[in-house]
Amino acid sequence: MLVWLAEYLVRYETAFNAISYITVRANLALLTALFISLWIGPKVIKRLQILKFGQEVRNDGPESHFAKKGTPTMGGVMILFSIGVSTLLWANLANPYIWVCLFVLFGYGAIGFVDDFRKITRKNTDGLIARWKYFWMSVVALVAILWLYWLGHDTDATRLVIPFFKDIMPQLGLFYIVLSYFVIVGTGNAVNLTDGLDGLAIMPTALVAGAFALIAWATGNVNFAEYLHIPYIKYSSEVVVFCTAIVGASLGFLWFNTYPAQVFMGDVGSLALGGALGVVAILVRQEFLLVIMGGVFVVEALSVILQVGSYKLRKQRIFRMAPIHHHFELKGWPEPRVIIRFWIISLMLVLMGLVTLKLR
């Protein structure tokens with residue numbers, strides 16, 4: 001939005017030309033989202049307390065979690081608000097990719113909001129019926145994917161980029177829709193499953209979003225895209241602003257979500273952030289890198305799949321409890337140790353993912 005204002009004001013003062021640079025707007029988007037999150041955080045927490053929007057806890061979970069019951073939840077609304085305002089202020093709103101990102105973010109956020117609200121009103125951990133939850137997640141994902149397919153049909157925007165192989169980039173055609181569906185829905189659920197400890201999901205989210213900001217910048221620059229042997233995607237550079245807004249909002253939320261948490265993001269935050277990371281990975285054609293950099297999310301989701309599958313087939317559990325972060329808690333690891341170690345692993349995976357861009 002401010003890009004358009006700057007284009008007008010530059011006629012009178014050339015300093016406003018700085019806002020046309022993506023790097024300037026990306027940094028301003030990060031700072032804006034961070035400050036908004038820090039500013040509204042206490043107000044949101046107080047309002048959630050007044051409304052008695054408290055966290056419900058599983059009866060079969062670790063005993064240390066019983067003390068978390070009643071902690072304000074649905075704090076993800078402050079994340080979404082911060083990202084939304086910052087993106088609308090600093091992104092070029094003529095770019096269609098920005099609207100796709102915001103559509104998925106708020107679409108999944110709305111689904112998560114309903115899920116959280118039902119848990120609170122019913123005073124248990126049961127939210128939306130699973131089939132309806134997946135139905136609406138699928139609807140949002142497919143609308144976004146078809147939108148993107150229409151924008152980039154038969155261009156580099158629908159090619160598959162495979163790490164380590166610079167000359168293998170097959171045109172996906174209609175399979176682009178199938179792959180993109182699993183990426184968005186899968187990432188949304190994976191981040192949702194990871195959000196079980198104070199700050200566990202939000203830091204990896206910030207790290208992955210920060211890495212995707214760098215990748216989006218390179219993908220949207222003809223020279224860097226050619227140098228790294230990755231597709232040049234016409235509209236992708238503006239996605240940098242959206243990614244840095246996620247980083248800023250995530251760090252601002254972490255201020256209140258760090259152990260012991262003053263607020264939880266709830267499904268309204270985790271589903272939205274997961275869906276956002278998924279759609280960004282599709283936009284910059286780096287679905288495989290999302291698996292690497294978001295390895296913590298992948299392992300958390302796989303632990304649940306393996307646990308459920310093993311119990312149904314063999315009546316035996318692989319882990320003491322799933323997702324896997326609860327397994328380590330039940331082994332005696334203090335919650336902060338689990339969180340920090342998962343953060344370290346996430347940082348390592350993000351750095352590994354960035355390195356693969358050059359190893360081709």
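Yeah, the Cβs are placed from backbone N, Cα and C, and that goes for glycine too.
The transmembrane segment annotation in Swiss-Prot covers 21-41 (among others).
Residues or ranges marked as transmembrane segment in Swiss-Prot: 73-93 (among others).
Sequence-distant contacts of the transmembrane segment (94-114) (same chain, at least 6 residues past either end, Cβ-Cβ under 8 Å): 74, 76-77, 80, 83-84, 87, 127-128, 133, 136-137, 140-141, 143-144, 147-148, 151, 184, 188, 192, 235-236, 238-239, 241-242, 266-276, 278-280, 283. The feature transmembrane segment is assigned by Swiss-Prot to 94-114 (among others).
The transmembrane segment annotation in Swiss-Prot covers 132-152 (among others) and rests on sequence analysis. Proximity of distant same-chain residues to the transmembrane segment (132-152), defined by a Cβ-Cβ separation under 8 Å and at least 6 residues beyond the stretch ends, is recorded for 96-97, 100, 103-104, 107-108, 111, 115, 158, 176-177, 180-181, 184-185, 188-189, 233, 235, 271, 275, 278-279, 282-283.
Sequence annotations record features per position, and here Swiss-Prot assigns transmembrane segment to 168-188 (among others) based on sequence analysis.
Per Swiss-Prot, the feature transmembrane segment maps to 199-219 (among others); the stated evidence is sequence analysis.
According to Swiss-Prot, the transmembrane segment annotation covers 239-259 (among others).
Packing against the transmembrane segment (263-283) from elsewhere in the chain are residues 41, 44-45, 48, 55, 68, 71-77, 79-80, 83, 97, 100-101, 104-109, 111-113, 115-116, 127, 137, 140-141, 144-145, 148, 157, 180, 183-192, 194-195, 201-202, 205, 208-209, 212, 216, 233, 235-236, 239, 242-243, 246, 250, 253, 256-257, 289-290, 294, 297: each is 6 or more residues past its ends and has a CB under 8 Å from a CB in it. Here Swiss-Prot flags 263-283 (among others) as transmembrane segment.
Taken from Swiss-Prot, the feature transmembrane segment covers 288-308 (among others), and the record attributes it to sequence analysis. Within the chain, the transmembrane segment (288-308) has long-range Cβ neighbours (under 8 A, six or more residues past its boundaries) at 161-163, 183, 186-187, 189-191, 193-194, 201, 204, 207-208, 211, 215, 274, 277-278, 281, 317-319, 322-325, 327, 342, 345-346, 349-350, 352-354, 356-357.
Feature annotation from Swiss-Prot assigns transmembrane segment to 338-358 (among others); the stated evidence is sequence analysis. Sequence-distant contacts of the transmembrane segment (338-358) (same chain, at least 6 residues past either end, Cβ-Cβ under 8 Å): 163-164, 197-200, 203-204, 207-208, 210-211, 214-215, 218, 228, 230, 259, 289, 292-296, 325, 328-329.
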Q | Tertiary contacts of the transmembrane segment (73-93) (same chain, 6+ residues out, Cβ under 8 Å) | A | 1-4, 25-26, 28-30, 32-34, 36-37, 40-41, 44-45, 48, 53-55, 99, 101-102, 105-106, 109, 112-113, 116-117, 120, 238, 241-242, 245-246, 248-250, 252-253, 256-257, 263-270, 272-273, 276
Q: May I ask for the residues of the chain that lie six or more residues beyond the transmembrane segment (239-259) and have a Cβ under 8 Å from a Cβ within it?
A: 22-23, 25-27, 29-38, 41-42, 45, 75-76, 78-80, 82-83, 86-87, 90-91, 97-98, 101-102, 197-199, 202-203, 205-206, 209-210, 212-213, 216-217, 220, 265, 269, 273, 276-277, 280, 283-284, 335-336, 339
